[in-house]
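Enquirer: Here it is, the structure, as structure tokens.
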Amino acid sequence: MRETCRSYRAELAQALIEPKLGLGWAQLGCTIAREVLDAAARIIRPGITTDEIDEVVHQATIAAGLSMKSSAMESQMQDLQCFFSLFNKSFQKVIRWKLEDGDIVNVDVTVYYKGVHGDLNETFFVGEVDEASQQLVRCTYECLEKAISIVKPGVRFREVGEVINRHATMSGLSVVKSYCGHGIGELFHCAPNIPHYGSILAGNKAVGIMKAGQTFTIEPMINAGVWRDRLWPDGWTAVTADGKRSAQFEHTLLVTETGVEVLTARLPSSPKVFPWLNS
């Protein structure tokens, strides 16, 4: 979500899930989103095109919808979005782009199921990737995990950015400021806005504290070079200002009474495509 850093106080209720109905749909929708992303992860390799990945995502969505229907769930998926990011590009439109050995690629999946959204993304290695890119991707993964670890009722949303910024800068990397995490539920993007960078002195103006029942995303975008980005003339594609690589990971989260539930968490069947998950 491109950050405007406005305080959408009136929309905060939109990030609260109806416990008896909406929460169940959110959990199912997020599980479907995870399964679809996993399907994409299994086929990423040198030579495949983004069109081919998009087709796998489409077919996995249809398959998941039919599975839900056959197990007495009346409604199938109502919508799905899939975005790709390559090299130093963010939120790249789906085009016929052939992946090459050494690339890193981000796949972002969003589903809208039973009136509730689920959203996640991961950055994958394509073939043999250089050490610097491996470190970038792993650090980005760790930034998200560290941020999730502090989520619980009473925590200031501003603290998410402080945790992420600290880990990224200690690794010699930078945090993109133009995009932020966001509330999610019946609306795809709503309050709260959750910046991923530094303190209030650094411009992090996030307001409010976490409350049980809130659902939102955390999705740090970490750059190998400067944090600044710029938009292409198409008004959609964002690239790093210095042309260096960028990585991103995202989860949809639910604040519980005692902590957090990662609604888009990896499943036992999820492919272990990252080396650090095998250690």
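Glycine too: its Cβ is placed from the backbone N, Cα and C atoms.
These figures come from a predicted structure and were not determined experimentally.
Copying in the features that TrEMBL gives for the protein in this structure:
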DOMAIN    30-257  domain 'Peptidase M24'
BINDING   ASP108, ASP119, GLU250  divalent metal cation 1 binding site
BINDING   ASP119, HIS182, GLU219, GLU250  divalent metal cation 2 binding site
BINDING   HIS189  substrate binding site
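Could you tell me the structural context for the features on the list?
Expert: ASP108 (divalent metal cation 1 binding site) counts 22 other C-beta atoms within 10 Å of its own C-beta, drawing on all protein chains shown.
DSSP assigns ASP119 (divalent metal cation 1 binding site) to a strand.
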Enquirer: Which residue among the binding-site residues HIS182, HIS189 has the fewest other Cβ atoms within 10 Å of its Cβ, if you could check?
Expert: HIS189
Enquirer: Using Cα-Cα distances with a 10 Å cut-off, which of the binding-site residues ASP108, HIS189, GLU250 are near HIS182 (divalent metal cation 2 binding site)?
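Expert: Passing the 10 Å Cα cut: HIS189.
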Enquirer: Ranked by the number of other Cβ atoms within 10 Å of their own Cβ, which of the binding-site residues ASP119, GLU250 ranks first?
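Expert: Within the set of binding-site residues, the most crowded position is ASP119.
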Enquirer: Report, in whole Å, the straight Cα-to-Cα distance of HIS189 (substrate binding site) from GLU219 (divalent metal cation 2 binding site).
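Expert: Roughly 13 Å, rounded to the nearest whole number.
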Enquirer: Measuring Cα to Cα, tell me the gap between ASP119 (divalent metal cation 1 binding site) and HIS189 (substrate binding site) in whole angstrom.
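Expert: About 10 Å separates the two Cα atoms.
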